[in-house]
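K.L.:
The domain 'Major facilitator superfamily (MFS) profile' annotation in TrEMBL covers 26-488. As annotated by TrEMBL, transmembrane segment applies to 19-39, 89-109, 121-140, 178-200, 212-231, 297-319, 331-355, 362-383, 395-416, 437-458, 464-484.
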Amino acid sequence: MAAGFVDDEGRRRSGSGRVTAFVALSCATAAMGGAIYGYDISIAGGVSSMEPFLRDFFPGVLRRMAGGGGGADGGAPRVSNYCKFDSQLLTLFTSSLYISGLLTAVLLASWVTASRGRRASMILGGFAYIAGAAVSGAAVNVSMAILGRALLGVGLGFTTQSVPLYMAEMAPARYRGAFSNGIQFSLCLGALAATTVNFAVEKIRGGWGWRLSLALAGVPAVFLTVGAVFLPETPNSLVQQGKDRDTVKALLQRIRGVDAVDDELDEIVAANAAAAAAHGENGLWLILSRRRYRPQLAMAVLIPAFTQLTGINAIGFYLPVLLRTVGMGESAALLATVILVVVSSASTLASMFLVDRFGRRALLLAGGAQMLVSEALIGSIMAAKLGDEGAPSKAYATLLVVLIGVYSTGFGWSWGPLSWLVPTEVLPLEVRSAGQSVAVATCFALTVLVAQCFLAALCRMKAWIFFFFAGWIAAMTAFVYFFLPETKGIPIEQVGSVWEEHWFWRRIVGTDEIHASSKLSK
């Protein structure tokens with residue numbers, strides 16, 4: 001019996017094999033890349049709120065927290081609540097991770113992932129992570145701390161390029177959403193580990209707890225590096241590298257747990273033939289220059305960009321700092337952060353069961369609405385109750401924590417996990433690695449912008465910064481409603497057919513080019 005079926009719209013959906021222990025273990029190992037990402041996002045915000053760390057590297061911020069001036073001239077004796085953490089050097093410590101990640105993804109990781117495979121890229125990323133964790137934990141000055149973050153960014157550039165591709169290509173079509181959402185779930189677990197570690201080490205006497213927080217990023221990095229050595233390469237990547245059909249078929253049978261994998265293998269081979277028909281043109285040039293890739297390019301750029309413009313990473317980086325801004329103590333802010341990350345992790349776990357049942361569009365639209373309302377309420381309360389001096393009442397501070405939890409939950413089951421899935425699954429094989437590098441570069445570029453500007457913007461815009469993010473959430477929700485087709489349950493090498501049926505994209509792509517591409521894949 002063939003391992004495929006035909007849906008109501010006439011698309012043949014192959015690759016409907018079961019979820020084997022082999023593929024589950026392989027993807028769980030690869031998902032360690034997401035755990036490291038989550039750890040790095042959350043650890044910096046917690047460490048940046050620890051007084052021993054600030055005393056060693058950012059004494060000006062510590063003086064402003066105490067109410068004294070932080071500028072070169074001593075500053076005013078009183079500093080606005082919104083401006084206590086405004087330091088470009090402090091934000092550079094956070095954003096250096098993403099600057100190096102951006103450069104790595106654009107200049108190196110895409111080529112390695114396409115030519116040497118997804119597995120090789122994960123191994124290189126793991127080694128870079130280990131080096132970065134060691135340097136960060138041993139830092140003796142600001143330059144060394146930033147160097148450690150930059151090395152972590154090199155690892156991030158490799159793993160964010162390779163892990164989403166690996167998960168999407170290994171997963172059976174009908175479970176691809178759940179597997180890819182596992183990246184965000186592992187990211188949440190990494191963030192949970194980071195916030196828990198920060199809460200624990202903050203109590204260490206002697207002021208060296210921040211070193212332990214930064215160095216422990218090496219633990220999941222070791223798991224990723226060692227595990228990746230034993231991982232299989234994806235069948236799609238093996239075909240792309242020119243391996244013989246029998247070798248790829250044997251691996252595909254082991255991954256899917258069925259013998260009848262010829263339909264899926266034929267689709268992979270046909271997709272690779274389409275890539276070869278491009279006469280060796282560079283994948284990045286193809287996706288940037290050919291009209292038939294305009295929809296994929298739009299998703300690779302706009303989905304990651306919109307995700308960063310929700311403000312989620314600003315909250316992820318600086319949540320402990322933000323909670324201290326509204327009057328919480330150091331320990332209380334870190335504990336509240338732990339609770340919020342637990343809630344976000346639970347919502348991401350729920351998305352793994354919802355995405356392949358209700359589809360991508362439903363989750364993105366509902367999650368966008370939830371984030372929009374909560375972000376607007378956060379801004380309203382801060383505008384009304386948090387002035388330049390003093391602090392809101394405990395009741396309002398608690399309400400802000402609850403609303404941030406509602407906001408994080410909405411992100412956790414919608415835009416968080418789906419920002420990994422959607423750009424990856426819509427890219428055809430011939431431009432998949434290049435398109436993923438575009439998505440990663442966009443993500444990092446906007447992350448750097450938000451990380452570097454958030455504390456300064458909070459100081460100047462005050463509560464209005466949250467209305468700024470709310471406006472972007474409204475725009476991206478409208479974009480999904482009008483321009484994102486549903487891709488639930490379609491094999492990854494057949495997703496290209498959805499553009500022909502879409503009211504807008506079929507006019508951009510052109511039916512002649514679609515039919516030409518279809519002939520190449522038959």
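A Cβ is built for glycine as well, from the same backbone N, Cα and C atoms used for every other residue.
Remember, predicted model here, so these are calculated numbers, not experimental data.
Give me the lay of the land around each of these features.
P.N.:
Within the same chain, residues 122, 125, 129, 155-156, 159-160, 162-163, 166-167, 170-172, 175, 179, 182-194, 216-217, 220-221, 223-224, 227-228, 230-232, 254-257 sit at least 6 positions outside the transmembrane segment (19-39) and bring their C-beta atoms closer than 8 Å to a C-beta of that stretch.
Using a Cβ-Cβ cut-off under 8 Å and counting only residues 6 or more beyond its ends in the same chain, the transmembrane segment (89-109) has close neighbours at 40, 44-45, 48, 57-58, 61, 121, 125, 142, 145-146, 149-154, 156-158, 160-162, 317, 437, 440-441, 444-445, 447-448, 451-456.
Within the chain, the transmembrane segment (178-200) has long-range Cβ neighbours (under 8 A, six or more residues past its boundaries) at 27-28, 31-43, 46-47, 50, 163-164, 167-168, 170-171, 209, 212-213, 216, 220, 316, 320, 331, 334-335, 337-338, 341-342, 344-345, 348-349, 351-353, 355-356, 412, 416-421, 424-425.
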K.L.:
Of the stretches 121-140, 331-355, 362-383, which racks up the most C-beta pairs under 8 Å with the transmembrane segment (212-231)?
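P.N.:
Stretch with maximum Cβ contacts: 121-140.
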K.L.:
Can you work out which residues elsewhere in the same chain, 6+ from the ends of the transmembrane segment (464-484), have a Cβ less than 8 Å from its Cβ atoms?
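P.N.:
Apart from its flanks, the transmembrane segment (464-484) reaches 298-299, 302, 306, 309-311, 314, 360-361, 364-365, 368-369, 371-372, 375-376, 378-379, 382-383, 415, 422, 454, 457-458, 502, 504-505.
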K.L.:
Please give the sequence-distant neighbours of the transmembrane segment (121-140): residues at least 6 beyond its ends with Cβ less than 8 Å from one of its Cβ atoms.
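P.N.:
Residues 30, 33, 36, 57, 109, 112-113, 147-159, 161-163, 166, 211-212, 214-218, 220-222, 224-226, 228-229, 231 contact the transmembrane segment (121-140) from elsewhere in the chain.
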